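Enquirer: Quick one: the structure is below, and I'll ask about it shortly.
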Amino acid sequence: MTPRKKEAPMSPRSTAVPTPTASAPPADALSPRRWTRLMPIVFVTYSFAYLERSNFSVATAGGMADDLHITGSVSALLGSLFFLGYILFQIPGALYAQRRSVKRLIVRCLVVWGVLATAQGLIPNVHVLMAVRFVLGVSEAAVLPAMVIYITHWFTARERGRANTWLILGNPATVLWLTVVSGYLVEWVGWRGMFIAQGLPAIVWAWVFHRFVDDRPADAAWLTETERAGLEDALEAEQRGLRPVTGYGRALRSANVVLLSAQYLLWSLGVYGFVFWLPSIVAKGSDEGIGTTGLISAAPYLFACVAMLLNSRASDRAGRRAVFVWPWLLTGALSFYGSYLLGDDFWLSFPLLCVAGAAMYAPYGPFFASIPEFLPSNVSGAAIALINSFGALGGFAGSYLIGMLNDVTGSTAASFLTMAACLAGAAALTLAVRPAPAKAETDALPEPGKA
């Protein structure tokens, strides 16, 4: 194999990782049908996962707290229990997806979390709810890393910023309609009816996923032989451009994985503090009913959807990642700090919350596209799971910490300042990530402290 030409050093400010170079496949080899067939399914699947995670905050604001005698701190603990289960099964689930089958894993997860999500509408007390929230987190643990792995099986490096965005777009897009529809569902059928109505469709969707999804291009009868061969050749060429890594330990201890794990923890602390408590912040600040509160709370997610699509497209076109991540996180930090300075004037600070929401979500596609660009496929799944585990830990801490701060201080000022500091730290850590070295330049991944 011809060695790659030595590349000029790149500043970590320009990109976290370079896109692996490979000869471009024929134009007809990378079938556009991948986008129209797979992306809607990927989008809806993650939407269901995020729905079961997010409607808890709407139920809390819509009467569940009063009915089950849940204080703000207990509500935060319930949200955090989800992430505890989520953290524990990230890496085992990702390894199963990488070694065996994304398809089988996701189908099983859909059925289990559909049943558990529906069960939340039937629980008699807060102690049962705690158990359900924990097991729900376990059942959803592998979904995001498995779906990111799935995208690496079907899309090239130059496409993954957009493909990952369509996956994670299920997050803000779900919250966008969830905050509107769920608010009115609570008014019509109560929080119990809302859980049941939103849990059952996931079980039906498991059949759709099983029927229309194939694990790899080689399994897809809907692709032509030329399309299957062209796509597999392109993906294999990218892998040949990466330095082989033979052990999970070596990959998970690498400097980039350590830095991105810490970065994603801080980033997620800000995101989930925002997601879990925005409906309560809006309800208190606007003094509106639950239906109107849901409508107002949807605004930041509308801006987030637009920002995600535009940012991922620009990142794929430029072939760069970090420069499409850290400026957005810094913008989010400044927006939360501005909200802190404005104090309790909700309507003045709300436009800044919309900016913060868009800024926190916009970098997701480029961020997750970067990981398989510095680690080969045999270990990238475990790295994605580890990084996402730290993100879940940030979600655990964020949902609990923001709730506690709101309880103790009686205002949102301390919460805004905390989220601003976390996002600023995440932006700084993104700048510390080193570009992936050319294959011929190194025989080992950088270790922490040696990058």
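Yeah, the Cβs are placed from backbone N, Cα and C, and that goes for glycine too.
TrEMBL entries are annotated by machine, without manual review.
Features from TrEMBL:
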type	residues	note
REGION	1-28	region 'Disordered'
COMPBIAS	11-28	compositional bias 'Low complexity'
DOMAIN	38-438	domain 'Major facilitator superfamily (MFS) profile'
TRANSMEM	71-93	transmembrane segment
TRANSMEM	105-123	transmembrane segment
TRANSMEM	129-151	transmembrane segment
TRANSMEM	163-185	transmembrane segment
TRANSMEM	191-209	transmembrane segment
TRANSMEM	257-278	transmembrane segment
TRANSMEM	290-310	transmembrane segment
TRANSMEM	322-340	transmembrane segment
TRANSMEM	346-369	transmembrane segment
TRANSMEM	381-402	transmembrane segment
TRANSMEM	414-433	transmembrane segment
Enquirer: Give me the stretch from 129-151, 163-185, 257-278, 414-433 with the greatest number of Cβ pairs under 8 Å to the transmembrane segment (381-402).
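Expert: Ranking 129-151, 163-185, 257-278, 414-433 by Cβ pairs under 8 Å to the transmembrane segment (381-402) puts 257-278 first.
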Enquirer: Who are the long-range neighbours of the transmembrane segment (346-369) in its own chain, taking Cβ under 8 Å and residues 6 or more past its ends?
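Expert: Sequence-distant neighbours of the transmembrane segment (346-369): 148, 157, 160-165, 167-168, 171-172, 264, 267, 270-271, 274, 278, 281-282, 284-286, 296, 299-301, 303-308, 310-312, 315-316, 321-322, 324-326, 328-329, 331-332, 335-336, 338-339, 384, 416, 419, 423.
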Enquirer: Top stretch among 105-123, 129-151, 191-209, 290-310 for CB pairs under 8 A with the transmembrane segment (71-93)?
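Expert: Selected stretch: 129-151, with the most Cβ pairs under 8 Å.
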Enquirer: Mind checking which residues reach the transmembrane segment (105-123)? Cβ under 8 Å, same chain, six or more beyond either end.
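Expert: Apart from its flanks, the transmembrane segment (105-123) reaches 45, 48-49, 51-52, 56, 59, 93, 96-97, 129, 132-133, 135-136, 139-140, 142-143, 146-147, 191-196, 198-203, 205-206, 209-210, 213.
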